[in-house]
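Just below is one structure, and these are the notes that go with it.
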Amino acid sequence: MRGGVAAVTEPAALATELPAGRSTGWWGMALFIATESTLFAALLGSYFYLRFQAGPQWPPAGIRPPELFLPLIMTALLLPSSLPLLWAERGIRRGQQWRLRAGLAATIALGASFLSLQAMEYASSLEEFTFTTDVYGSLYYVITGFHGAHVTIGLLMLTWLLAAALRGKFGVRRHERVRIAALYWHFVDLVWAAILFTVYLSPRL
Amino acid sequence: MSTVAELPAGAGPAPAEQLAARWEEPRTVRAWFTTVDHKRIGRRYLVTASVFFGLAGVSAILLRTQLAGPEAGLLSPQEYNQLFSMHGTAMIFLFATPMLFGFGNFLVPLMIGARDMAFPRLNAFGYWVFLFAGVFMWASLPAGAAPNGGWFAYVPLTDEVNSPGLHLDVYTLGLLFLGISTTAGAINFIVTALKLRAPGMSLNRVPIFVWAIVATSFMVLFALPALNLDNGLLFLDRRFGTHFFDPEAGGNVLLWQHLFWIFGHPDVYIIVMPALGIVSAVLPAFCRRGLVAYPLVVLGVVSISIISFGVWAHHMFATGLPQLSLSFFSAASSIITIPSGLQLFAWLTTMLLGRLVMRAPLLFVIGFIVTFVIGGFTGAMFALTAFDQQVTDSYFVVAHFHYVLFGGAVFPILAAVYFWLPKITGRMFSERLARWAFWLIFIGMNVTFFPMHLSGLFGMPRRVYTYPEGLGWDPWNLLATLGSYILAVGLLLVVVGVVHALRRGKPAADDPWGGDTLEWATTSPPAPYNFPVLPEVHSLHPVWDPRTAESVAAGAPEARTLAEGRQTIRTSELDARYEQPIEMPESSLRPLVAATGLLVVFGGLLFDWYWVAAGGGLLLALTMVGWLWPPAEPT
Ligand code: HEM
Ligand SMILES: [Cu+2]
């Protein structure tokens with residue numbers, strides 16, 4: 001249609017050719033993460049508020065402090081799961097489709113194993129207490145369940161990225177969505193550290 | 001200073017035609033449901049929020065009629081409970097914030113010289129969610145299942161045992177539903193103001209109104225999660241038997257109050273802040289000079305938004321918190337009057353130094369200043385713990401917060417209605433009608449709420465559906481009720497004025513008031529693409545500044561016309577350097593479908609139909625998959 005110089009300097013072309021500064025999408029996700037972090041902060045804050053108002057014994061009588069074995073394995077799966085994603089993002093910046101796909105697949109696998117271990121954990125703790133047993137049970141299941149829901153949403157986003165990646169939708173200059181979704185995953189990932197501390201480690205302190 | 005440089009209408013016919021082809025929407029039913037134009041969405045916010053204001057107002061009139069004399073039988077106690085709870089909840093959540101978001105939606109892109117919001121489809125989605133959440137809550141009233149635990153719904157009154165039925169489930173789910181819209185709107189405002197400002201509009205040239213909307217949005221992002229969590233936990237307690245608020249099983253009822261007021265106090269400023277922004281936007285036009293002490297006002301706006309997070313416990317002085325924390329919160333509550341006072345003095349000085357043009361919008365601004373100062377005065381009294389403990393939960397409190405909220409939100413909103421009506425509709429209103437409306441509202445408002453100070457001091461508690469004769473409350477109650485009728489007539493006159501303007505109003509000039517911000521630099525009403533040429537901003541008062549006017553004259557570079565596509569300019573965050581043009585989305589049905597999915601989710605949760613809720617979630621998820629799918633390669 002238009003030839004030569006015009007084709008690359010006219011605004012429509014420039015819009016997709018020249019990444020400069022942070023995009024609106026990046027800011028949107030950053031702000032969304034800010035408000036979600038506040039939500040988790042309020043939730044974990046409520047945990048400590050209720051715990052310290054509940055009296056000296058925590059967990060309350062009849063419930064043992066949480067086992068650490070499984071949660072530590074889950075941590076070992078989830079925290080490093082950001083690395084393949086970073087590697088994938090670097091890859092697509094250089095146009096390496098295979099790295100994007102492989103990295104996404106690896107992160108998805110790690111996240112999915114995390115969720116299955118969480119299911120196993122629930123299976124054993126449900127034998128001891130449920131979310132209606134007392135406030136400890138309510139906190140335990142709601143906090144971990146809420147985080148689990150975030151991991152699930154993160155996984156859906158990554159799967160969606162993988163589907164688009166397999167269709168070759170991303171390229172050297174067109175991978176904003178990868179960057180933004182990755183941001184969310186790193187957040188879900190980091191929140192787990194705070195949950196590990198609050199729910200699993202702090203009762204033993 | 002006050003020379004008004006007329007900005008020329010466009011850069012020649014050719015780009016304007018091209019732009020129209022890209023931006024105009026057909027006049028079809030489908031286009032009505034799919035539009036993503038911030039101006040149409042903004043107008044819808046305004047109209048919908050006004051309807052909710054009307055419903056909440058009618059509820060209030062019913063309450064006042066019931067209280068006109070002792071032992072009246074118009075309303076049963078159950079009806080009274082639902083009506084005052086819906087009145088408060090709707091005024092706060094379904095009227096004040098959405099109304100101000102409506103002005104923000106219409107104005108922010110225009111004021112910063114952009115063609116739309118940063119996320120136009122998210123914007124449409126936010127509107128539909130707001131509409132559905134509002135209908136969700138109001139529909140419960142005729143069904144006799146409306147929230148009945150007051151607008152702050154304290155446990156244990158609102159737990160399953162003490163408040164059986166759907167009432168409180170409508171409350172928790174309705175507010176969670178609405179919160180999605182508010183959060184989406186807040187993110188959209190911040191990103192828009194951060195990235196889409198016209199080249200040259202560095203942070204020290206951003207209009208105060210935009211600052212106020214951005215500060216409000218930040219408060220929303222950091223305050224609303226507390227309310228959402230609170231409502232989520234209460235829903236779980238009521239429906240699924242968790243024990244967060246149940247002392248029998250280790251829970252704690254004060255958790256509700258802490259979380260609620262961590263949100264609730266900033267929310268007062270979430271409501272009032274954009275209204276203060278309106279005042280700062282209206283004043284320059286009618287004082288014929290720029291706002292005095294712009295940097296200090298901006299500083300005030302920012303510091304209020306931060307300090308307001310440190311004062312929540314002043315709503316809990318009567319709950320037996322430790323004495324030391326009472327002193328802390330009492331001090332913090334007193335400190336926050338400083339930045340508020342700063343703004344007040346900036347306005348007064350602006351008025352003193354300017355040449356006042358007494359038109360309806362200015363009248364409402366003056367009405368605001370008077371009532372807000374009275375409300376602020378009684379507010380400062382509450383900050384003293386001892387006084388607070390005397391009058392807490394009495395009509396004195398009702399009087400106080402209506403002076404703050406009616407004075408601080410409704411007066412500025414009405415000023416805004418008249419101020420921007422010519423821009424929004426392209427029609428002028430009748431000044432005579434507007435003045436009548438003002439005086440009726442001003443007098444009605446004071447006659448309604450001033451006597452409540454007295455009945456409160458004489459011991460009348462709030463939230464009582466009736467009272468016995470001979471306690472010394474009767475005359476004040478009768479007076480308040482008469483006042484509310486005057487007020488209602490005044491508010492009706494506003495509606496009449498708007499309809500009259502739409503039907504009979506003279507066509508409005510592009511800049512009827514000689515305003516200083518960019519929305520006055522475009523046509524009334526603005527074209528779908530807002531500006532034929534996106535301006536280059538050279539000062540805080542771009543419309544009064546000849547260099548900015550020059551920047552949109554014929555021969556503007558292609559980089560600021562962007563007539564080839566549906567585009568606007570992205571600039572850098574702090575100093576608004578040109579970064580690149582960005583592609584704006586076309587209209588789409590997806591926002592409406594996604595919001596419908598959410599409606600199904602919340603309806604399903606309300607009625608225990610969890611499979612239906614899951615179906616709604618699936619609809620939402622599938623819509624998002626398509627919505628966010630990477631677009632085809634640009635051709
Ligand atoms: C239109 C004129 C208005 C009238 C006549 C009116 C009247 C009333 C009355 C009589 C009550 C007390 C009910 C009771 O305690 O028994 C009340 C409560 C309340 N009003 Fe208004 N009001 C008006 C406007 C507003 C506005 C504009 C707002 C906020 C933006 C508002 C927010 C509230 C709130 C939050 C409550 C407390 C509800 C509760 O106790 O849970 N009102 N109003
Ligand atoms: Cu407060």
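Every residue gets a Cβ built from N, Cα and C, even glycine.
Since the structure is predicted, the reported quantities are computational estimates derived from the model, not experimental observations.
The feature transmembrane segment is assigned by TrEMBL to A:26-48 (among others).
Summarising the annotation, TrEMBL assigns domain 'Heme-copper oxidase subunit III family profile' to A:27-204.
Residues or ranges marked as transmembrane segment in TrEMBL: A:68-88 (among others). Using a Cβ-Cβ cut-off under 8 Å and counting only residues 6 or more beyond its ends in the same chain, the transmembrane segment (A:68-88) has close neighbours at 99-104, 106-107, 110-111, 113-114, 117-118, 120-121, 151, 158, 178, 182, 185-186, 189, 192-193, 196, 200-201, 204.
Long-range contacts of the transmembrane segment (A:100-119) within its own chain (CB-CB distance under 8 A, at least 6 residues past either end) are made by residues 70, 73-74, 77-78, 80-82, 84-89, 91-92, 144, 148, 151-152, 154-155, 158-159, 161-162, 165-166, 170, 175, 178, 185. What TrEMBL lists as transmembrane segment is A:100-119 (among others).
What TrEMBL lists as transmembrane segment is A:139-162 (among others).
Marked as transmembrane segment by TrEMBL: A:183-202 (among others).
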Report task. Average the per-residue pLDDT over the domain 'Heme-copper oxidase subunit III family profile' (A:27-204) and send me the rounded value. Result -> 95
Query - Contacting positions for the transmembrane segment (A:139-162) when only residues 6+ beyond its ends and CB under 8 Å are counted - result: 36, 40, 43-44, 46-47, 50-51, 66, 78, 85, 101, 104-105, 107-108, 111-112, 114-115, 118, 122, 125, 129-131, 177-178, 181, 184-185, 188, 191-192, 195, 198-199
